[in-house]
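Reviewing the structure listed below.
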Amino acid sequence: MSADDKPAHRPGSFEHLVSDYGAGGEFHQHAGEGDPRLTTAQGVTISDNQNSLRVGAPGPTLLEDFVLREKIFHFDHERIPERVVHARGFGAHGIFECTKALGDITRAAPFQAEGTITETFVRFSTVAGSKGSPDLARDVRGFAVKFYTDEGNWDLVGNNIPVFFIQDAIKFPDLVHAVKPAPDRGFPQAQSAHDNFWDFISLTPEAMNMVMWQMSDRTIPKSFRTMEGFGVHTFRFVNKAGKSTFVKFHWKPKQGLQSVLWDEALKINGFDPDRHRRDLWDAIKAGDFPEWDLGVQLFDEDFADSFDFDVLDPTKIIPEELVPVEIVGTLTLDRVVDNFFEETEQVAFCTQNVVPGIDFTDDPLLQGRNFSYLDTQLKRLGSPNFTKLAVNAPRGCPVHNYQQDGHMQTGNRKGRVNYEPNSWGEGPRAHPLEGYVSFVVKEEGEKRRLRPESFADHYSQARQFYISQTPAEQGHIANALIFELSKCQVEDIRARVVAHLLNIDGALAETVCTGLGLAEMPDPAPAARPTRQDLPPSDALSILKNGPEDFSGRTVGALVGNGVDAQLLAALKDALSAEGAMLKLVAPQIGGVRDSAGMLHVADEKIGGGPSVVFDAVVILPGKEAELIAGHPSAQDFLKDAHAHCKLIGHHGAEALIAATALQAKVDGGYMPLDAASVEGFVKACRALRFWDREPTLAK
Ligand code: HDE
């Protein structure tokens, strides 16, 4: 609990409540001397906030009671529509520091000089679930960044996956309808494992690259802090001379990439549906500020012409091996919001928000987004004046224009001039040199509804993604497909997806076909272009090849009992803190345990409230309570899950619990006996995050 989470009064006391009955028998709870006065929205001090105005006891209640009516009226109108997608999200403030000037490539303000600091606001989100849905749904994560630059706001509204399901904005409502709860029954919530989603996908071959990413562990990140972000589309950088360079944006977490396992995700959702938002909040509050490097892939028309795929096709990446990612700055999130609604809920990202030096391309998805975001903010926030809210208003530069009035206006210009041109000699004018100038592109062609042929290869990059994964990651993709398709009730839908997999990787299709128990392998789906077998694997596409270098920012969960070895516990705490990691205690009671030297250690969680799924590694130190802990079903789950999730398991005196879970015969190299001398070795081993060698043994 941080200082500002602590109540002001003495624990257990009622001194903050002054309660009495008045002369007429009326019950009051009111302010003590010096407390701020409670008022109505009109500023009138309220005498009684507990009892409405009545005639007699108990009533009737009077319509005249403006205090009651105003309070209820405002409450009745608290909700605004949730975002049609990305409803569940969490935001934080930060700064972006330029580490490599790009003045020759772009005139965009954040990149003009090394060391330039730009304030930012970031909102992470899931896509499909409603506002109250769990954080660990298998889903794409939004990664939206607002840069408050000196030349206006730039919104880089990205995802944690660099490709998208569809190539044209016109298909977006269908995609979203298909993944959201079915309209007749209103479920399932926050998941893609259902017929409607896979029906749509199986009829949309262009989705196959994204489907590979979606079925990988990318969609169940350990934390927002351990995922990448991508701008997805190809954008343009434009320099002062008007020269354009294509650019793709990447956010690379300094914390390293890390995801959970699907079984963990399911359990975390039950134990702590707020896992990701809590994690970000706790880290920032603890001063462990998460950081991402901003990388850019820069390329010109010649590269675009020679590349195997169309750089305007948002279902394709440009492998980092072909165009390296240059790091140009660092984003640090260092401040939580003061108010969730005012900032996280009301922040309005718009892809159309660009600043001089940044421009769009003809990517048909991006063009559609430029309409959608502004439009949806009006629906959500109810007034075109949402730009005046503190979280949305530009900070580094003045705003001067003749836009006026509208709901909740607070910033109309003073004076009589509200049009331009005018001869009153006042008011802002456009500036042809400093103003935003769209990059000049010559366009020609027939006006038709068509999809470029250069967008036609739907499988080659899906295959490239799959073959870039480690065997463990490939296994997770197959399992995810089997899980999701097993939730589809229509066998034909399952078979249609397997037919696409055949165009990606024969062995994967075989595994999924067997895992589903399909009667026979279907024929491959008709493909507009044959799958290229020659695209080389790219290490950048794997999570496990891009993990953290150390164990910092991670947490070990210790299952402890009274009498836990004092020296061992102290050594463990020291070794973890030297690594920048934490130890959390899970004890029979939240009040804590006394160690072998009689010292009290307050517990972070009670057994059953702190399951091993929320920790990166575990230690079992039952002290004198080995038998009691061994008999506790939740303690058994703690160990069984840590084992099943391939976690490192340090232990001392845990034989009884290991026996109670029948794991004696399965103790492997991921189990490490602990004493004060071996804790450092244990912490080093934890850097690997998982003991993957265990995974193939689990089903046996
Ligand atoms: Fe979005 N998307 N999107 N999207 N999107 C929205 O805008 C839309 C797409 C993304 O934290 C909505 O403010 C269309 C790609 C993020 O507030 C809406 C299409 C990418 C967020 C909308 C796409 C994204 C949104 C809903 C296809 C990754 C959350 C609420 C043409 C590059 C922003 C809102 C936040 C939100 C439309 C596809 C990312 C309806 C029409 C591709 C991170 O405007």
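Heads up, the Cβ atoms here are built off N, Cα and C, so glycines get one too.
TrEMBL does not curate its annotations; it predicts them automatically.
According to TrEMBL:
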type: DOMAIN; residues: 39-428; note: domain 'Catalase core'
type: BINDING; residues: Arg83, Arg123, Phe172, Arg369, Tyr373, Arg380; note: heme binding site
type: ACT_SITE; residues: His86; note: active site
type: ACT_SITE; residues: Asn159; note: active site
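Considering other CB atoms within 10 Å as the measure, the emptiest surroundings among the binding-site residues Arg83, Arg123, Arg369, Arg380 are those of Arg380.
Cα of Arg369 (heme binding site) to Cα of Asn159 (active site): a distance of 14 Å. In the three-state DSSP reading, Tyr373 (heme binding site) counts as helix. For the pair Asn159 (active site) and Phe172 (heme binding site), the Cα-Cα distance reads 15 Å. Spanning the listed heme site, residues Arg83, Arg123, Phe172, Arg369, Tyr373, Arg380 have a farthest Cα to Cα distance of 21 Å. For Arg123 (heme binding site) paired with His86 (active site), the C-alpha to C-alpha distance reads 10 Å. Long-range Cβ contacts of Phe172 (heme binding site) within its own chain (separation 6+, distance under 8 Å): Ile166, Leu365, Gly368, Ser372. Mean model confidence of the domain 'Catalase core' (39-428) amounts to 97 (pLDDT, 0 to 100 scale).
Shown are the recorded positions His86, Asn159, Tyr373; of these, the residue with the fewest other Cβ atoms within 10 Å is Tyr373.
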